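Read through the structure below, which is laid out as structure tokens, and then see the notes.
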Amino acid sequence: MADSKHQVIFCNDSPKRVLVSVIKTTPIKPRTTADSLMPTSPGFSDFMVYPWRWGENAHNVTLGPGSGSGAASPTRTSSSPAEADPLSCPEHLKDGIRRGRPRADTVRELINEGENSTSRIRCNICNRVFPREKSLQAHKRTHTGERPYLCDYPDCGKAFVQSGQLKTHQRLHTGEKPFVCSEKACGSRFTHANRHCAKHPYARLKREEPTGGPGKSQGADNKAVAEWLTKYWQTREQRSPVPGKAKPQNKSPLEDQEQQDPLDFLPSDEGEEEEQEEEKNAPSGGVVTARRRLQEQRERLHGALALIELANNLSA
């Protein structure tokens, strides 16, 4: 054909002509009803790679047609573009599967979901819904500009919306780096739990409180800073659990898990506040590893229970 030539684009800043490439336009094949009924495999993402994240994405999985009586296998049906896009799925946005602030491209979906949701925990300004009242109160501060958590470090004066943000910020003053690379003989320490070791990017970070007391800021020359650090570490010691004393547990972890709401295991939208409270009280050594493995088992079990519930709802 005479029209199938190389496309030439003129640059605004230069008179030179740049040869780009041959652009082939292929008509989009319309999706038929038979294609929409065929089960398809879910995308290759973190959901498929990491089993401990099954609980986060279990409500995104649907069962293909005809699999209710047979062997149930998790599939995604793409009967419509709205269902193919996970961000437009109401279930994906129902309880918030990510901690902290949402991505900029998901805010509009959250607002639209709030307009059609029956949840009573709703922001009266932007109609966004939340899984719990505490999350709503923290969210409203983004509209009012309220920052009730003030850093009392001398000459700092920074304020934060959530208490967890204040605790993370104060590590910059104290020099704390409680998160250590789990790789043996690495020794890389970090201030935040969401960092990754450059040498071992796939290794997880574990919480490890320093045993030597205050860090590099201990010998501060400023008297006010020294007093603040002393008060800070005294408060930390009072909150830290006494070694050798554990809270009595009348129930096993599995029994306690079965009686809790399965949605409690999903990450909430409350930032890092609750997560840091648990990490602060966590012991060190092998107990941390055992607790992490137990949490992974809980999330795997939650993912399996969610799939079973979806299968029951589909068959009903």
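Indices start at 1 and increase along the chain as displayed.
Using N, Cα and C of the backbone, Cβ positions are placed for all residues, glycine too.
Look at Swiss-Prot and you will find 61-97 (among others) tagged as region 'Disordered'.
The compositional bias 'Low complexity' feature in Swiss-Prot is assigned to 70-82.
What Swiss-Prot lists as zinc finger is 121-143 (among others).
As annotated by Swiss-Prot, zinc finger applies to 149-173 (among others).
As annotated by Swiss-Prot, region 'Disordered' applies to 234-294 (among others).
What Swiss-Prot records for 255-278 is compositional bias 'Acidic residues'.
Per Swiss-Prot, the feature coiled coil maps to 289-313; the stated evidence is sequence analysis.
Across the zinc finger (121-143), mean pLDDT in this model comes to 83.
Summarised by DSSP class, the composition of the zinc finger (149-173) is 11 helix, 4 strand, 10 coil.
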